[in-house]
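J.: The structure follows.
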Amino acid sequence: MAAQASIAVGSQVWVEDPDVAWIDGEVIKVNGDTITVKCSNEKTVTSKASHVHAKDPEEAPCGVDDMTKLAYLHEPGVLQNLKSRYDMNEIYTYTGNILIAVNPFRRLPHLYDTQMMQQYKGADFGELSPHPFAVADVAYRVMRNEGISQSILVSGESGAGKTESTKMIMRYLAYMGGKAASEGRTVEKQVLQSNPVLEAFGNAKTVRNNNSSRFGKFVEIQFDQNGRISGAAVRTYLLERSRLDESKEYLETRKAMDIIGISFEEQEAIFRVVAAILHLGNVEFAEGDDVDSSKPKDEKSMFHLKTAAELFMCDEKALEDSLCKRIIVTRDENIVKTLDREAAKGSRDALAKTVYSRLFDWLVNKINNSIGQDPNSKSLIGVLDIYGFESFKTNSCNSTSIRQHVFKMEQEEYTKEEINWSYIEFIDNQDVLDLIEKKPGGIIALLDEACMLPRSTHETFAQKLYQTFKNHKRFAKPKLSRSDFTICHYAGDVTYQTQLFLDKNKDYVVAEHQALLSASKCEFVSGLFPLLSEDTSKSSKFSSIGSRFKQQLQSLLETLSSTEPHYIRCVKPNNLLKPAIFENQNVLQQLRCGGVMEAIRISCAGYPTRRTFIEFIDRFGILAPDVLSGSSDEVSAVRKLLEKVDLQGYQIGKTKVFLRAGQMAELDARRNDVLGRSASMIQRKVRSFLAQKSFLALQRSALQIQTICRGELARRVYHNLRREAASLKIQTCYRMYTARKTYNELSASVVTIQSALRGMSARKELHFRRQTKAAIIIQSRCRQFLARLHYSRTKKAAITTQCAWRGKVARKELRKLKMAARETGALQAAKNKLEKQVEELTWRLQLEKRMRADLEEAKSQENAKLQAALQEVQQQYNETKEMLVQEREATKKVTEIEPVIKEVPVIDTELMNKLRDENDKLKSLVSSLEKKIDDAEKKYHETSKVSEERLKQAMEAESKVVDLNMAMLRLQEKISTMESEVKVQRQALLSTPVKSMSEHLSIPIAPKNLENGYHAVEEQKEPQSAPPAVKEYENGEPKSRKSLVDRQLENVDALIDCVGKNLGYCAGKPVAAFTIYKCLLHWKSFEADKTSVFDRLIQLIGSAIENEEDNDNLAYWLSNTSSLLFLLEKSLKAAGAPGSVSRKKPPQPTSIFGRMAQGLRSASFANMHVEATDVVRQVEAKYPALLFKQQLTAYVEKIYGIVRDNIKRELSSLISLCIQVPPVLAQKIFTQIFSYINVQLFNSLLLRRECCSFSNGEYVKAGLAELELWCAKATAEYAASSWDELKHIRQAVGFLVLSVQQLYRICTQYWDDKYNTQSVSSDVLSNMRVLMTEDSNNAESSSFLLDDNSSIPFSVDDITNSIQEKDFSDVKPAEELLENPAFQFLQD
């Protein structure tokens, strides 16, 4: 091509890119047909010259509004132009007369208001910016001026904005041809309001669009002679009935129904039918009492069925029979056939789809009848909204029309300019259309034929296609599929799946549904299903969706061919449905499939580049300046210019010059050469000028330097003269200063002596006055002492009297407290009763679990026995069969020997009869075993039901146990609080002061460990003065004492609320575990005999892991629980350890978690070594703390098991979630995961014959190689010995060391699926069978399957030793608690 030949080093080009389709760059090397380009993303790409396109260096940054104006009309130029305009919010672009609309996914109301419609009214096409109003205005003016009917085709894939573009066109046509607003309910209003109704019932939310049209729509707007809208009609094409969405804008839909003339009664009937369909969709079916029968699943389904029958106003029983039964009409009688569950579901869906289709057709007819059509109208404008998804047939018809339209436009342009265009090639797509719809051998015809055959499947249909079109150049069969086929479209290959072709193509109404709804008491419903005459029902032929769609398209094409078309191609810029995102690959694919690129190809086949004479001379006049110096006209100048550059193949029209593809690039290359030479000459002149300028500047600089040097020497001489004058002045000032200083010192000495003498006389006077004042004070204090002594004696007598009275009142209060203590004993008895109930329920729960385990074990043993018996019988049957074959071969050999008397054949009838009898016995034995197996399966189902019921009972009992435990905890808290208050009051009464007031008051009791929520009373060793706070606590009301308990409970609640959230990690350690540990340590909860904070934390952990599917949450809590368990392991010191005080045996745990944790191994703390850190310190732990540690250990194992089981179910990427978990847990998880993979794969080889194929072995081998590579990358820190867990499947794939039973099983299962051969001989199998029989006495070797290990493979010591960094001093607590004044200790 000429364009490729003109590419030189330094040229701006477009090159293919796998990410963004096309990327610009600069050519840095040209080597024959290979071009090296440095892209704008700094990458260097080497490509062939045929894959490189020239880039216009003078292209506008905001693009052009008509892409025919592009200097280079190719894919990258078109794509860049659309992207540049989309970035500037210019979503509309012309390609000739075709409008390309890119969906902005945002509201742009300023583009569609009335003022904008006024601007486009009557404007020439192309005068204003591209807009749907311009297309609609052209269609309207051509219809008015020439009387030719017009059509506007809006196409694009789902989500491209076709429906919105259609609305804008209809709004503009209503604006141009509408009547005054005072004329009432006009036709244009009804046409516009038909959109919300059709969208409400015909649109749906899809994967690619939130409001996708599920039907094709063609709106015919009829006009009278004055250009006013006189009528309209709406045609729909093939409503998709497989999905149903409710209307989001209910009020808008009801208002639109009122405008288009649907009465209130009809609206109520419409929504009644919609509600019935919704209820019908909620009906589920279960297997019936008879074989192959069905019935409603449960009461919920019966409720929906009854509601649907009430809404349809039909008999409920008849509706159920129509869904679950079919009537087969024969010549003699009618046979009622029951439907199974799947067939009943299909019948339900068929009824719902049929009713909804009839309802939608009724709405369309109602809209057309309400709007009305003008029989006298001779001109119309049709607006076609193609489907909201890319259908191949729709693409074919629409794309072909676009190419024909573009070819016609090019023809008109060339004819207008009077140039030759006869050689331009036009590619037709008729062979693809014939492949799809031609009769009788097209795809649609074969599909209809397959639907009419009762036993046809999608596989037989696909085989029929393969046989019919095996030599068709447009038809292909995918290599890796048995039922798919590919059609080679001009824009690309399209592959179809035939799985649901037959079901979706059938279009008929079930006779039972027709009869049921025709007899409805609702006139609206019965009107949707009118009764059919017998002749009509007998003469009705088979109907299919494909045939209907073909007929509708044929009618649509006939309508469009009678009109002049206009095209709007809608493009979806991205699949995320978000603004400001332009995906090049996605847009380019739509342009190719939509025919836009084909239209460009047609343009490029002729003269894609055309410029007016002025533009051409202005751009390329530099190639021949002498041509422009003369006085010739523009045409002569252009012709001389082209002859001067020796360009061939161009043509000159009346107003433009037409260039072939690539000639623009060639002219640009020559222009760049001229500009390059001119630039070199300009550079030479500029460099000469700059050198001269530099020399003159250097000369001026030398003169300036000389001047500056002379000035500097003169300034230095002047400076020395000034220094001499200054030194003389300094000497004068210094002599004056020394004289003044001597005088000032003499004057200060005189003043000091005078002040000292005056001060001595003043001090003598002050001493005399102080002595006099002290004597007066002593006299007043003596008198005061005598008065106070008299007052204290009087007060002492009064206090003695008060103490006697207070003792009397205290003894009375003590009697009341004793009565309260008796009530406390009653509460203790209730507590003991609840404990007994909890123990009884726990015992029952354990009994149920044991019974269930025994049942499952017995069931598995019975199944194993039956399977062993069946295998033994089958082996006997095979041996008997082999013996029979051997006997037959021996008999055959005997018969082959020629006897002496040929007429008498010898047959061993006794042996034959014996073998026949044995064969009959074996058959009877096999049948009896089959009956036993069926009985065992029935027993298994019954046993499973009983076990499920018992499991539910056990779960209910377990919930009751939990509730009782909670009640016991609350009672314990109340009892402990009451006991502590009784002790406090009793001690306060016993320690009432009765001694002399001159003695010090003592504090007999003081509240201790208030942080734990209880008051542990302890006597003080030494009497001391009672502080005011303690006196207030002793003498205050009960409210003041309870406030401290409430304050601590509030602190506990604040801690629970805070750690219940995801606090994350700090310095690689969990913040929640550190915060809990610091609070418990500060509150001294580990040393408390009774506290509820541990139970609160256990309940928090239990509720946090209720969702066993959330692996992120489980990993977070596994990290916190394991870290908290590590801190407890390093801090808690058991009561029996050295240096601890002996205690009584702790009581039995009351919570379910405490009972669950009993029997677990406990860590040894005797020889524990605690590192000297600022956070962790050893404390003597009481029983609640040790119980909390056991419960925490149980939860670590439980969470670990849940995470392990979740990963076994789905192998998700859990490495990132295990970063904060101790490495030992990650190692154990992946070890058990690999063990699980080994078990599943190996058991599949032994149980399923299709898994023992050669290709499956290759596939498993490749997967094992990837797992080995992953283990190498993960290192031993996480993978550990995971690779060794796959030894069985690795050996099975490599056929290495396995047991005799396993090798025999694999050999019997193995088959070569590629060549359909058995690679293991019968002799080898017989030898292995003998070895397996000899080894059958060994119980371990008799089983060839592997078992999965689901135990907990770690201990508390493993977690403690695996945590590498044990210093928690750098962990910051939760910010939420630091704001609380009660948690300021966390900052220490």
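Keep in mind that glycine also has a Cβ here, set from the backbone N, Cα and C atoms.
For reference, TrEMBL lists these features for the protein:
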type: DOMAIN; residues: 8-57; note: domain 'Myosin N-terminal SH3-like'
type: DOMAIN; residues: 62-672; note: domain 'Myosin motor'
type: BINDING; residues: G156, E157, S158, G159, A160, G161, K162, T163; note: ATP binding site
type: REGION; residues: 553-575; note: region 'Actin-binding'
type: COILED; residues: 817-988; note: coiled coil
type: REGION; residues: 1018-1044; note: region 'Disordered'
type: COMPBIAS; residues: 1031-1044; note: compositional bias 'Basic and acidic residues'
type: DOMAIN; residues: 1095-1380; note: domain 'Dilute'
J.: Within a 10 Å radius of its Cβ, which of these binding-site residues (G156, G159) has the fewest neighbouring Cβ atoms?
T.: G159
J.: Using DSSP, break the domain 'Myosin N-terminal SH3-like' (8-57) down into helix, strand and coil residues and give each count.
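T.: Per-class counts: 3 helix, 31 strand, 16 coil.
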J.: Could you count the residues of the region 'Actin-binding' (553-575) that DSSP puts in helix, in strand and in coil?
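T.: Result for the region 'Actin-binding' (553-575), in helix, strand, coil order: 9 helix, 8 strand, 6 coil.
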J.: Could you pull the average pLDDT for the region 'Actin-binding' (553-575)?
T.: 85
J.: Around the Cβ of A160 (ATP binding site), how many other Cβ atoms lie within 10 Å? Please give the count over every shown protein chain.
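T.: Neighbour count, Cβ to Cβ under the 10 Å cut-off: 24.
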